[in-house]
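Trainee: Below are the features listed in TrEMBL for this protein:
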type	residues	note
BINDING	Val100, Asn104, Ser343, Leu442, Ser446	Na(+) binding site
DISULFID	Cys202-Cys210	disulfide bond
TRANSMEM	91-108	transmembrane segment
TRANSMEM	120-138	transmembrane segment
TRANSMEM	168-190	transmembrane segment
TRANSMEM	260-278	transmembrane segment
TRANSMEM	290-313	transmembrane segment
TRANSMEM	333-355	transmembrane segment
TRANSMEM	376-395	transmembrane segment
TRANSMEM	433-456	transmembrane segment
TRANSMEM	468-487	transmembrane segment
TRANSMEM	499-520	transmembrane segment
TRANSMEM	540-561	transmembrane segment
TRANSMEM	581-600	transmembrane segment
Amino acid sequence: MAAGNEFESDAGFVNFAYVPSRHASTTSIPGEYRKTLDSIDYTASVKTKIDAASTGDHGIDLNTNKLPLPDEYSQPNISPQRDSWGNDAEFLMSCIALSVGLGNVWRFPFTALDNGGGAFVIPYIIVLFLVGKPVYYMEMLLGQFSSKGSVKVYDFAPIMRGVGYGQVLATGIVTTYYATLMALTLRYFVDSFYSILPWSYCRAEWGNSCIDSKPKTDNFYLQNSTAIMDVKSTSAENYFINVILRQKNGIDDGLGSPSWSLALTLAFSWLVIALIMLKGVKSSGKASYFLALFPYCIMAILLVRSLTLPGAFDGVLYFLKPQWDKLLDPKVWYSAVTQVFFSLAICFGNIIMYASYNRFGHNIKRDCNIVTTLDTFTSLLSGIIIFGILGNLAYESNTTDIRSVVEGGPGLAFISYPDAIAKFKFVPQIFSVLFFLMLFVLGIGSNVGMASCVMTVIKDRFTQTKHWVIVVSIALVCYLLGLMYITPGGQYVLNLLDFYGASFVALVLAIFELLAVGWIYGVKRLCKDIYFMLGIKTSWYYRICWGIITPAFMAAILMYTLVEYKPLQYNDYTYPSGVYVFGWCLSAFGIGQLIFWAVYGVHRRTGATLWEKVVNSFKPKSDWGPLEPTTLKAYKIFVDGMKVDDMFKPNGFWYKIYDNIFN
């Protein structure tokens, strides 16, 4: 038999604790299996085969005839070494720390602001249920079932391995600029120790268009009613743009030199990340308790302060009130999809990597529901806080246009949050220190996950390279690349790479990921794998989403995005034409991994002809399945046994489509 042909069937089998008998109408439950094992003929037969495989003897069928033992069952009963979580709670907390991060507190508010506030919330929630939750669960399943990283997991269809490499490239790009956000939080953290918060008051060089972020006196509005009409920005916004970023009006004349203070905080950020990665997954799992829970304590305090500011209700109403005409704008839906990607960290390989360290049989369906629900709650909570603050800024600026009171873009969280902190009348420095420590903690949880994903791929590829060498190399390379984001033109670069190198690439590759899992590997096969591993049946909701709704929805978003595409801008600045060429080349390189690794996958497969190689490259590799050898043997035997059932089913095209989703 040629390599790869042994898994032509899309059948699967169930976990040892959930083994159905072909002669019974019920399924055994955990704890009862061993008592009834000998009374179940089919299971006993397979048990005989497993025992035979372990001893190197021939198996025996139900008629006591000796059977030849396939080569794949005769491998040594030695489980490959792989790190694992200390306990199930560490995995859950690590997923929360990864998914609930700056994507919620930093990215979600400015994405909502740029897309009409309430007009964005409805598409975001719809996309969460049609894309976010099904894909998150699917990636958890693939990682835990195979115990493989984000690239090797595509051993279920080697021709699609380019999806994994393209996603790692996108993850690497996000990792480089994500750490610079941590550097910004550290800079604010240090500035919080001043006796007067440096962003709470205006400087003379900022002119009359600046208003102090610190609390106003009771007679402020009576004395300055005329001046308020001209107010356009707060001291917090001026401080971020003019002092922290030293932002330019464009990049036509270059990016400028990096900020030395941000270079130091960026170096410290990568030092922390590298130290956590050097300890491995077990130590990061223990740190996840603090990384996941501490931020909510600070957000609760900030929520109370935000909602007690004058004008906050108008801002929250703007955030929650739908603008129905915006629902027809494909840009809003595209933004919702990319926000779900970043918020949940799906389609970047991170979830697959984390789940691969799980014990086989862990109840990840429960964890999926917890993480996706908590992630949505955190995004909405952050939105309420931010828009409450924006409502207060509009009130102080004497305007009803919430959108006009602050510049959009990635800097929003570093403008509105500091502005709210400055309004604390009782020792704002204490809360400022805690808040920016919270942001830094959020950044650590997410960035460690993304950097670990890149590290896992490199480590799987170069198995002889020492762990610490890979970690240090990633930290140094990402630090050097991160320096360009802390130049006066750095935010323009961040905006560019965010779209062309991460968001767009992730969307395209996500479609191919769903096609690979749903139609090459098969929804039916995946559901049987779930039953083998967890002992639960998959609902129609997941089946229909994996097979039809999710890939079709994302394909439609991609199509309309390309049709309605307009040159990317940052704060109304249009990039030079050469920059757009670079951006599309970057996208092509990421998506082009599909072609390169497809050719490589076909070349590596066995087959007498090129066509046989191509056909075999769509089938799982011989070692695809659970990592533990005994469990893998059982999985292969039961998959082979399920082929008999498929032999008696119709072969029609439409029936195969129906059978793949609903069987």
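Quick reminder: no glycine exception, Cβ is built from N, Cα and C everywhere.
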Trainee: Excluding near sequence neighbours, so keeping only residues 6 or more apart in the same chain, what lies with its CB under 8 A of Ser343 (Na(+) binding site)?
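Mentor: Ser99, Gly103, Asn104, Arg107, Phe108, Gly132, Asp375, Ser379 - these are the non-local Cβ neighbours of Ser343 (Na(+) binding site), listed in sequence order.
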Trainee: If I count Cβ-Cβ pairs under 8 A between the transmembrane segment (433-456) and each of 120-138, 333-355, 376-395, 581-600, which range comes out on top?
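Mentor: Comparing 120-138, 333-355, 376-395, 581-600 against the transmembrane segment (433-456), the winner is 333-355.
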Trainee: So which one is it: of the recorded positions Val100, Cys202, Leu442, which has the fewest other Cβ atoms within 10 Å?
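Mentor: It is Cys202 that, of the recorded positions Val100, Cys202, Leu442, has the fewest other Cβ atoms within 10 Å.
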Trainee: Within 10 Å of the Cβ of Ser446 (Na(+) binding site), how many other Cβ atoms are there?
Mentor: 26
Trainee: What stretch, picked from 120-138, 376-395, 468-487, has the most CB pairs under 8 A with the transmembrane segment (91-108)?
Mentor: 376-395
Trainee: Using a 10 Å cut-off, grab the number of neighbouring Cβ atoms around the Cβ of Asn104 (Na(+) binding site), all chains included.
Mentor: 28
Trainee: What else in the chain is close to the transmembrane segment (333-355), if you only count residues 6 or more beyond its ends and a Cβ gap under 8 Å?
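Mentor: Those are 91, 94-95, 98-99, 103-104, 107-108, 111, 114-115, 120, 123-124, 126-128, 131-132, 135-136, 139-144, 148-151, 153, 164, 167-168, 170-171, 174, 364, 371-372, 375, 379, 446, 449-450, 452-453, 456-457, 503, 506-507, 509-510, 513, 554, 557, 560-561, in sequence order.
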Trainee: Which of 120-138, 376-395, 468-487, 499-520, 540-561 shares the most C-beta pairs under 8 angstroms with the transmembrane segment (581-600)?
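Mentor: Stretch with maximum Cβ contacts: 499-520.
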Trainee: For the recorded Na(+) site, whose residues are Val100, Asn104, Ser343, Leu442, Ser446, find every other residue on that chain with a C-beta no more than 8 angstroms from the centre of their C-beta atoms, and list them by sequence position.
Mentor: Leu98, Ser99, Gly101, Leu102, Gly103, Val105, Asp375, Thr378, Gly445
Trainee: Would you count the other CB atoms within 10 A of the CB of Cys210 (disulfide bond), including those on all shown protein chains?
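Mentor: The answer is 22 other Cβ atoms.
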Trainee: Are there residues at least 6 beyond the ends of the transmembrane segment (499-520) whose Cβ is under 8 Å from a Cβ of it, and what are they?
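Mentor: Answer is 135, 138, 142, 154, 156-157, 159-160, 163, 166-167, 169-170, 173-174, 334, 337-338, 341-342, 346-348, 526, 546-547, 550-551, 554-555, 557-558, 561, 568, 583-584, 586-587, 590-591, 594, 618, 660.
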Trainee: If you count Cβ pairs under 8 Å, which stretch among 168-190, 290-313, 376-395, 540-561 touches the transmembrane segment (120-138) the most?
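Mentor: Going through each listed stretch, the top one turns out to be 540-561.
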